[in-house]
Amino acid sequence: MSSWKGEEELKGALSSLATAKGVSANRIKGATVACMKWSKEYKRVVHAVENVMWKADVEHRLAYMYLIDALIRASQTKFGDDKDHFAKRFGLHMHHTLSACRKVPDDHKSNVKKVVVEWKKRGVYTAQEIEEAGGADFLGDGPLDSGDRPPPSKEKISSLLDSLQKLKQQHQQDAPPATDRDQPPRKESPPRHQYDIMSASAPIQRLLPVLVAVPQSIAQQTPRPLSRLSNGSMQSGQPMPPNQPPRQRRSRWEDKKPSAPTTSSHQDQAKRHDDPPQRKLDVDDEPAEDTAPAPEFTLEYDDDN
């Protein structure tokens with residue numbers, strides 16, 4: 001965080017707790033007054049107290065634990081429990097604060113536990129909040145956990161992974177095989193083109209009774225079988241039709257040839273032979289004179305003209 005106006009004053013008050021031998025109530029009271037002077041900058045104050053406590057020597061951390069408790073008491077007395085900002089702000093990083101207190105000397109651990117138990121009694125923090133911060137041993141009667149557990153070695157981690165893999169394989173082998181009952185029933189879909197097949201087979205089904213009812217004598221007289229299977233093959237027991245020559249295709253010119261003369265055309269020709277021949281008109285012959293008199297035309301005029 002950037003420097004602010006009361007940083008130097010607060011830094012001097014906090015450093016005085018680290019130089020004193022033992023825990024001094026007067027120095028804790030003076031540091032509390034200096035911190036409450038800048039209560040409006042409670043975020044900066046809490047940040048400064050936590051940083052100094054986490055980095056301080058283990059024999060001085062109990063004094064900073066008392067300072068945190070004194071700041072919460074003073075803030076609740078001045079602003080009330082509802083408007084107290086220091087308790088909420090110190091609760092955000094309670095896990096790191098309790099971890100720092102685990103390393104205090106053995107003669108200070110009981111005093112640290114008393115402070116945490118007082119927070120629970122006064123309702124500053126609930127037991128659940130303290131346990132979530134890793135302080136369950138601070139509320140119990142047993143000794144505090146030192147927190148100096150060595151990290152697990154690589155060999156232990158690899159052996160643990162191998163055992164987990166073996167358990168997984170054994171569980172898969174012991175599991176019963178999947179049956180059809182475990183699988184959900186499948187819905188049968190209708191065949192494709194169902195309606196087309198039904199419509200195409202309907203005429204054949206209507207003709208089958210008729211074909212069956214045909215007498216055997218009529219069936220023998222016909223050169224070809226009367227009924228066929230639905231797939232186009234001949235029924236068994238019927239003779240095969242004889243081979244017929246291929247039909248010759250006529251060209252369009254042959255279709256346009258005149259047909260043979262009918263009886264009416266022969267009668268017309270005979271009538272023409274019975275008629276007398278007509279005389280042909282020569283070029284030198286002159287046309288006969290018209291003896292009919294020519295019409296007379298009269299012109300009528302008006303008397304005025």
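Along the chain as shown, the residues are counted starting at 1.
Positions of Cβ are set from backbone N, Cα and C atoms, glycine also.
Heads up, TrEMBL stuff is auto-annotated, nobody curated it.
As given in TrEMBL:
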- 9-135: domain 'CID' (DOMAIN)
- 136-193: region 'Disordered' (REGION)
- 146-157: compositional bias 'Basic and acidic residues' (COMPBIAS)
- 158-174: compositional bias 'Low complexity' (COMPBIAS)
- 179-193: compositional bias 'Basic and acidic residues' (COMPBIAS)
- 219-232: compositional bias 'Polar residues' (COMPBIAS)
- 219-305: region 'Disordered' (REGION)
- 268-282: compositional bias 'Basic and acidic residues' (COMPBIAS)
Near the compositional bias 'Low complexity' (158-174), which residues from the same chain, at least 6 beyond its ends, have a CB less than 8 A from one of its CBs?
none
For the compositional bias 'Low complexity' (158-174), give the DSSP counts of helix residues, strand residues and coil residues.
17 helix, 0 strand, 0 coil
Tally of helix, strand and coil residues over the domain 'CID' (9-135) according to DSSP?
101 helix, 0 strand, 26 coil
